[in-house]
Amino acid sequence: MANLQQNYRNVLAEIAAAEAAASRPAGSVRLVAVGKTFPAADIRAVYCEGQRDFGENYIQEWYAKTDELADCPDIVWHIIGQIQSNKTRPVAERAHWVHTIDRLKTAQRLSSQRPEHMPALQVCIEVNIAAEAAKHGVKPEEAVALACEVAKLPRLKVRGLMCVAAAAADDAGLQAQFKQMQALLTQLQAAGVAADVLSMGMTADMALAVVCGATHVRIGSAIFGQRDNV
Ligand SMILES: *Cc1c(COP(=O)(O)O)cnc(C)c1O
């Protein structure tokens, strides 16, 4: 537990250093702390250090955590995993962000299920930037068209694009992927969608993502520790 606080502070310092190295303003990169497989108590410990944005991959696990952390009502929940059609309702009712939209059908369900009294659900289109068969997301050349369709849905707000870079890539390869994401965001803006988010960068490739314009980095293991292989 004591480690979590130190880990968290180290990650904040690393983000600040990456911003400075990239000549970007302090505070321009938002940390999403990814707590998948870790208990609600660990999330609470990081919350008590001041963190508010938390990411989760598995809907059932996340939903249980929202109950356990109901006394922390200002947590901002980011869904960063796949959402099966039959799991859209809890997401529409309790999440603030979904980073992983890659089908219009899922977006339509989320929009129709988003309660009227809540603000629009913030969403990103997931791009399979590494073109890996095992990865989710739309092909890069399909991202702008999907985003434009999703932008028409009344209860969603398209904020930008998200990717998971190829784990095996070297720095040059990673940078090429992140730069392509940056170019896609520019295309999306030119198409008339007021998008401002690039959700990219994880524990291993965060600094490079910041150089390439990441606005949200999703960091798990550097804060919470190594995960069992799931
Ligand atoms: C698990 C996960 C992360 C965090 O990964 P770490 O390498 O632990 O920082 C970020 N994004 C997605 C989509 C993930 O599934």
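In case you wondered, yes, glycine gets a Cβ from its N, Cα and C as well.
Bear in mind that the values here come from a model prediction, so they are computed numbers and not experimental data.
What TrEMBL annotates here:
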DOMAIN    27-227  domain 'Alanine racemase N-terminal'
MOD_RES   K36  N6-(pyridoxal phosphate)lysine
Including all protein chains displayed, how many Cβ atoms other than that of K36 (N6-(pyridoxal phosphate)lysine) lie within 10 Å of its Cβ? 18
Please average pLDDT over the domain 'Alanine racemase N-terminal' (27-227) for the predicted structure. 96
